[in-house]
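For reference, the structure discussed in these notes is given below.
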Amino acid sequence: MTQLLYYSGQCCPWSRCCGMGDFRPRTVWLGHPEKREQRYPRNVINNQKYNFFTFLPLVLFNQFKYFFNLYFLLLACSQFINELRLGGLYTYWVPLGLVLAITIMREAVEEIRCCIRDKEINSQIYSKLSTRAKVKSSGIQVGDLIIVEKVSLVLPFPGSCFLRTDQLDGETDWKLRLPVACTQRLPTAADLLQIRSYVYAEEPNIDIHNFTGTFTREDADPPVNESLCIENTLWASSVVASGTVVGVVIYTGKELRSVMNTSNPRHKVGLFDLEVNCLTKILFGALMMVSLVMVALQHFTGRWYLQIMRFLLLLSNIVPISLRVNLDMGKMVFSWMIKKDSKIPGTMVRSSTIPEQLGRISYLLTDKTGTLTQNEMVFRRLHLGTVAYGMDSMDEVQSLVFSVYTQASKNRKATTAPAATKVRKTIISRVHEAVKAIALVHNVTPVYEANGVTDQAEAEQHYEDTCRVYQASSPDEVSLVQWTESVGLTLVGRDHSSMQLRTPTGQILNFTILQIFPFTYESKRMGIIVRDESTGEITFYMKGADVVMAGIVQYNDWLEEECGNMAREGLRVLVVSKKSLTDEQYQDFEARYVQAKLSVHDRSLKVATVIESLEMEMELLCLTGVEDQLQTDVRPTLEILHNAGIKVWMLTGDKLETATCTAKNAHLITRNQDIHIFRSVTTRGEAHLELNAFRRKHDCALVISGDSLEVCLKYYEYEFMELACQCPAVVCCRCTPTQKAQIVRLLQERTGKLTCAVGDGGNDVSMIQEADCGVGVEGKEGKQASLAADFSVTQFKHLGRLLMVHGRNSYKRSAALSQFVIHRSLCISTMQAVFSSVFHFASVPLYQGFLVIGYSTIYTMFPVFSLVLDKDVKSEVAMLYPELYKDLLKGRPLSFKTFLIWVLISIYQGSIIMYGALLLFDSEFVHAVAISFTALILTELLMVALTIQTWHWLMIVGELLSLACYVASLVFLHEFIDVYFITTVSFLWKVTVITLVSCLPLYILKYLRRRFSPPSYSKLTS
């Protein structure tokens, strides 16, 4: 086992912690946490919104900060004043207590679940170097030496290790990390506790790509000082892929890079709730106006201010207290339906307060790696100009490669001698040279792991295929090397200076690596110079993007066309070329290259100039096409979202070319759509020019890098967002987690539309928490995004049904439910107003005690609440015609127009019922109460039936149950209703007439509307 000392930025899960003051640089003594200079935050995760002491106060505060609940609290409190009391205290306190109890129970359940998840993560066990003690992640302190283990691998470079940072930046490539050199000379890891050494580290910041620090060993002679950089770090949320790492903890808690790139979760309030809150304010205004009119018609006589208060209490049903509890219970039902949907198994609802938000999404922002793609690269095509090999003809490539090496002993010169370039090459030699080039020009390293039968040394010595694992800085690279292995040429070994390939016959080809020119974002290409040990030939191989390679390779008439064809198929295209060098040519290049690297001024420019001197008239060997496999049904899901009027933006930390290819492959950018790749800009002037160029293009997709985006947002935020929002699709690459959240926030501010963010990694958490709806995909990158999201799905394709079916239904049902509850309350309030106006504006209640509570609970609650089961179209139709979703984006199900219609219906029905009862009752007022209340109950039941579009058996049960409850309770209501009178024929015909007059016109209007102005979905349901 290789013992390493790494500077470990964080060796524990990401966390959120309370503030601990300003960030400062620190000196950390290895293995001695007690020597700290300052207090550091505890290394705990805390996603809870409350603690034991703040739970009840904060929950109550969050409820009463809204006008709706505060209003009812004041009403209930007013009943303690004798002059204002209108009945028993239970009349007002029981409904308010029920609402608060349901809310507190819901918050408590979610908080307990969150606490359990936090405790599970905080209890993860790590090994501490001192006596190999076990420590919980919450017990890790700055200065601790933590051991991070992974399966034992034979590492290519002594002391190195590979890790993945996909939870931080979204990149799933393997990154090589190097140890502090002087610690590698220690006999054992335990000796780290005996030396006197410390790390000086910069203050915590959000930059995940850079680090500055020094390592000092004081007890050495002379003292040792080494500089530390990003290559010596392991950030929290990284995955160690090889070796055993001993790391000193530098940052914990809120100072972790991953936490500093994550915003604190906010309490999300749905747009629908805000709209309902607005309507209740309008209703309260109406209540105030009616109360003032009543008192004004009394000419403000006597203690008129008490009369105003009594009318406010009498007509308080205008603002329905049952609205909030019905909506909250409805949200719980919608959340349960989502979790129980067998067509989207594994879907979880972690925030049950905003399911109706899913029905009004205008912008969907998605991660790429692991969300749209599986991050599994597959080699799809090899193109040689005159011939192309696809997946169905790879066996032909394999046979050609095999034939080269089986006939090599008979005719070696025909395939390897330089003279072969003078004659037209056979297809065999062209395929062989292309495959060999692909097998050599890369940064892939094979490592070997023990498998229980073969030990590591033997596995490495014999190049055991079953033990070999490829690791590289890009999955593209690995897919290319795996393909060359599949066709017979296998990469079996590599170190700093050499590379070994195995032929189909088992022969080992040795190559010396003379120079490597790594891929950079600016150069868009990589190169390698190797010497074949068997022949002594020196060859310069290069591969890169077609836009740069076109000017480097020799003239040809097929490169541009074929690159375009392969790109349109969604393949990542690389152009592979080579150039043979003589010893003299290489010696001359090496001398100039070394001299350029020693330059102090303009070093990078001079080095690039020397390399470019080689990059001329290179021989074009082939094109390769690699596909990043999409998640299942990504294309049809994106098409559904597009047809539904949702604009999709892809925000990824990956490279520009990779992001563009994936966008094309997923049909986020359609084939006939123009693409504007935003040029890299660094200054205000460059951004201005590029924005002007972009403004001249119409209906084109935008592709922009994170650096350019930052410049544009700094100087031209409004102009950029205005142009970007007009694009059918936007791709932002090389985005940091903070930038992702910033884009979401700007979209919300600039457009006022609802956003939904989808991601699967830790680098997506900020974006998910900032969006109006956050959806986490449980994938290979862990569960951070899933746990932080409002909704969790197992696959991206489930998003279509989540929005088109559940989002649409939740919104439409919530709108119908809220308006019907308002209608129910306005009806009885209208009757009270009519009653008071008829009897000289007296502030006397029409219905006493239990009748008022029973009206909004057992008599009408079940049928009204059964509206949460209503639907206008079947789920299959909603998925087949996503255009139905587009209608919801305008907010028509709950608008001022629909609200006004229901208000007018309520006033009409309440007036008809009350005036009808007053006209038809004979002598005793108690008869008017019986007639009006019974007609009111029947009207509500009939109106529910009128509103329902698709009957469910529970709806019928609710209607019958409510009617049965009312009839049964009449026996106990003799205090308010004359039981003998309700058994007479007179009572029955009067109730029937009043009910028909109040409901029949509405049924006729509904029929006429459906006949002459049917809704958009009616043709689909017929």
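Positions of Cβ are set from backbone N, Cα and C atoms, glycine also.
The feature domain 'P-type ATPase N-terminal' is assigned by TrEMBL to 32-93. Positions annotated as transmembrane segment by TrEMBL: 52-74, 86-105, 274-298, 304-327, 821-841, 847-869, 899-919, 925-946, 953-973, 979-1005. If you look up TrEMBL, you'll see Asp367, Thr369, Asp760, Asp764 marked as Mg(2+) binding site. The ATP binding site annotation in TrEMBL covers Asp367, Lys368, Thr369, Glu477, Phe519, Lys543, Arg572, Thr652, Gly653, Asp654, Arg734, Lys740, Asn763, Asp764. Residues or ranges marked as active site, 4-aspartylphosphate intermediate in TrEMBL: Asp367. Feature annotation from TrEMBL assigns domain 'P-type ATPase C-terminal' to 787-1014.
Features as recorded by TrEMBL, highlighted on the structure.
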{"residue": "Asp367", "record": "Mg(2+) binding site", "Cβ neighbours (10 Å)": "30"}
{"residue": "Thr369", "record": "Mg(2+) binding site", "Cβ neighbours (10 Å)": "30"}
{"residue": "Phe519", "record": "ATP binding site", "Cβ neighbours (10 Å)": "20"}
{"residue": "Arg572", "record": "ATP binding site", "Cβ neighbours (10 Å)": "23"}
{"residue": "Gly653", "record": "ATP binding site", "Cβ neighbours (10 Å)": "28"}
{"residue": "Arg734", "record": "ATP binding site", "Cβ neighbours (10 Å)": "21"}
{"residue": "Asp760", "record": "Mg(2+) binding site", "Cβ neighbours (10 Å)": "33"}
{"residue": "Asn763", "record": "ATP binding site", "Cβ neighbours (10 Å)": "33"}
{"residue": "Asp764", "record": "Mg(2+) binding site", "Cβ neighbours (10 Å)": "36"}
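Note: the Cα of Asn763 (ATP binding site) and the Cα of Asp367 (Mg(2+) binding site) are spaced 9 Å from each other. When Cβ-Cβ distances below 8 Å are used as the criterion, the transmembrane segment (953-973) is approached by residues 850-851, 854, 858-863, 865-866, 869-870, 934, 937, 941, 944-945, 979, 982 of the same chain, each at least six residues removed from its ends. Sequence-distant neighbours of the transmembrane segment (86-105) (same chain, 6+ residues past either end, Cβ-Cβ under 8 Å): 56, 59-60, 63, 69, 72-73, 75-76, 79-80, 310, 313-314, 321-322, 324-325, 328-329, 845, 848-849, 852-853, 856.
Taking Cα separation as the measure, Asp367 (Mg(2+) binding site) is nearest to Gly653 of the binding-site residues Phe519, Arg572, Gly653, Arg734. Here the transmembrane segment (274-298) has Cβ contacts under 8 Å with residues 66-68, 71, 304, 307-308, 311-312, 315-316, 318-319, 323, 327, 818, 822, 833, 836-837, 841, 843, 891, 894, 899 of the same chain, all six or more residues outside its ends.
Here the candidates are the binding-site residues Phe519, Gly653, Arg734, and by Cα distance the one nearest Thr369 (Mg(2+) binding site) turns out to be Gly653. Taking the C-alpha positions, the distance from Gly653 (ATP binding site) to Asp764 (Mg(2+) binding site) comes to 10 Å.
Counting Cβ pairs under 8 Å to the transmembrane segment (821-841), the top-ranked stretch among 304-327, 847-869, 899-919, 925-946 is 899-919.
Asp760 (Mg(2+) binding site) is 23 Å away from Arg572 (ATP binding site) when you measure Cα to Cα. Across the domain 'P-type ATPase N-terminal' (32-93), DSSP helix (H, G, I), strand (E, B) and coil residues number 32 helix, 0 strand, 30 coil.
On the backbone, the CA of Asp764 (Mg(2+) binding site) and the CA of Phe519 (ATP binding site) stand 26 Å apart.
Once the Cα atoms of Asp367, Lys368, Thr369, Glu477, Phe519, Lys543, Arg572, Thr652, Gly653, Asp654, Arg734, Lys740, Asn763, Asp764, the listed binders of ATP, are compared pairwise, the greatest separation found is 32 Å. Long-range contacts of the transmembrane segment (52-74) within the same chain, counting only residues at least 6 positions beyond its ends with a Cβ under 8 Å from a Cβ of the stretch, are 92, 95-96, 99-100, 103-104, 107-108, 111, 267, 276-277, 280-281, 284, 316, 319, 321, 323-324. Taken together, the residues of the domain 'P-type ATPase N-terminal' (32-93) have an average pLDDT of 79. For Arg734 (ATP binding site) paired with Asp760 (Mg(2+) binding site), the C-alpha to C-alpha distance reads 17 Å. A Cβ distance under 8 Å defines the sequence-distant neighbours of the transmembrane segment (847-869), meaning residues of its chain 6+ beyond its ends; these are 87-88, 90-91, 94-95, 317, 320-322, 326, 329-330, 333-334, 813, 816-817, 820-821, 824-825, 828, 929, 933, 936-937, 940-941, 944, 947-948, 952, 954-955, 957-959, 961-962, 965-966, 969, 973, 975-976.
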